[in-house]
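Asker: TrEMBL lists these features:
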type: ACT_SITE; residues: 2; note: active site, for GATase activity
type: BINDING; residues: 112; note: L-glutamine binding site
type: BINDING; residues: 246, 278, 352, 353; note: ATP binding site
type: DOMAIN; residues: 2-199; note: domain 'Glutamine amidotransferase type-2'
type: SITE; residues: 354; note: site 'Important for beta-aspartyl-AMP intermediate formation'
């Protein structure tokens, strides 16, 4: 996991000296300065490639996870014609390396992402059909002056593109690198690749699956579901550094920690996974996390925070997140404190449970789904917007402290398997909406049932969904809402629609976050990269994203 940055001249000609903040900058100086705004993503090394005559600069901020000694980027092909900066992990790189070795006679990858360079030499822009993982990359072909940009199917890895006043293309892992130089900024679409010369890009690959447009009819086989998740976790364990796992006490992170422990003990029976949870002193999640830690015999650490300590970081977290979405800001402040502690222990990679709620229908408002079709369509919407909420939060908060976060539930193969399961097997609630009474089921019932045999304590396996911002302590949401609201007068809020005609804030809390965002990321194009996370109001759900706002929520006491 790293940070990537690139500038590509519109016409393949040199880019003149730039004036930025009153100072002259060469292309190299400009690129290095702007990439420095997300250098926290790559604390281990900074690699620079500049071709001033062709107007190309490519920078890689590296966090060394795989190929620690050999994997520094940018990667350059042996003939010097291909240059690559890539961020993420290619989980099938060993299989791909074996295939490349057969063709080349021998091949030792410098790191997992190095296979992208080799695959381009064999397949050109069609290489995307061969790789599996979480990724965002920019590849420059000097012979043709063409650029290939790509992002993984669900946007686990962030990437933004911008255009300056001269029409030059800018690419970065984080928007903060672009907003003061580009008049246009946009989120690069997940599950897409674009190829061509600057100014003449064409989409050359899109992630397509039948479940995106059709309601599936496949019944759920619990044994197959279990095997697919175990395979996904296994693929996510490859790394050359210390690893750990987040353990909130919810079923998602608990299952990932349990499965990872079982797999690692195949190699070392004495292995103990390092697990971490965060919360206020009376957090509902702590008791459940302790129960799981004892059950799987992990080396567990609780990070207890004070409300004021987290509130101090509101401006910082909006800067790191690059969003003003209320639920994302609420969730991220405790997680930032947790990431800082994890980094201090020397751990560079952590596993987490993000994605399960989107593919299984785990949010409490899914109890309000009016039909099977509506339920599935909402799942598809949530999956396609992961890059704007959960993936954005998980990646940017962890990387703010130089920690890579992996999400096995969003393994491409596993998502495809789960999203092909018919909605009647996944929908929660006491009734289906066709008037037939069914046994009352918790959200994510099939996931829980698939792992009912010796994976987790029953009190955790069958525990109701508790959203992270609630689970760290019920006082947290109440406090951050109260403090944010106190910063906004009635007069200021009455002019919200005039000041922010796009995504107009509907609460004082939202208005406060939006004001901070506008200060840090000025311009309408930056504001338009944000989509607010709210439950389905047309299903009769309250607008507040907290799970406690849903009628089905049950109070979990520590």
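In case you wondered, yes, glycine gets a Cβ from its N, Cα and C as well.
Please treat TrEMBL annotations as automatic predictions, because they have not gone through curation.
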Asker: Max Cα-Cα distance in Å among 246, 278, 352, 353, the residues listed as binding ATP?
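Answerer: Across 246, 278, 352, 353, the widest Cα separation comes out at 15 Å.
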Asker: Return the count of C-beta atoms lying within 10 angstroms of the C-beta of residue 354 (site 'Important for beta-aspartyl-AMP intermediate formation'), excluding that atom itself.
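Answerer: Result for residue 354 (site 'Important for beta-aspartyl-AMP intermediate formation'): 26 neighbouring Cβ atoms inside 10 Å.
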Asker: Are there any residues in the same chain, six or more apart in sequence, whose C-beta is under 8 angstroms from the C-beta of residue 246 (ATP binding site), and if so which?
Answerer: 253, 257, 275, 276, 277, 338, 350, 351, 352, 353, 405
Asker: Using Cβ atoms only, which residues of the same chain lie under 8 Å from residue 112 (L-glutamine binding site) while being at least 6 residues apart in sequence?
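Answerer: Spatial neighbours, sequence-distant, of residue 112 (L-glutamine binding site): 66, 67, 71, 89, 90, 91, 93, 133, 238.
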Asker: Looking only at C-alpha atoms, tell me how far residue 278 (ATP binding site) is from residue 354 (site 'Important for beta-aspartyl-AMP intermediate formation'), rounded to the nearest Å.
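Answerer: So the Cα of residue 354 (site 'Important for beta-aspartyl-AMP intermediate formation') lies 16 Å away from that of residue 278 (ATP binding site).
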Asker: If you draw a 10 Å sphere on the Cβ of residue 278 (ATP binding site), how many other Cβ atoms land inside?
Answerer: 30
Asker: Restricting to the domain 'Glutamine amidotransferase type-2' (2-199), report the mean pLDDT as a whole number.
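Answerer: Looking only at the domain 'Glutamine amidotransferase type-2' (2-199), pLDDT averages out to 96.
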Asker: Using a Cβ-Cβ cut-off under 8 angstroms and a sequence gap of six or more, which residues of the chain neighbour residue 2 (active site, for GATase activity)?
Answerer: 41, 42, 60, 61, 62, 63, 73, 86, 87, 173
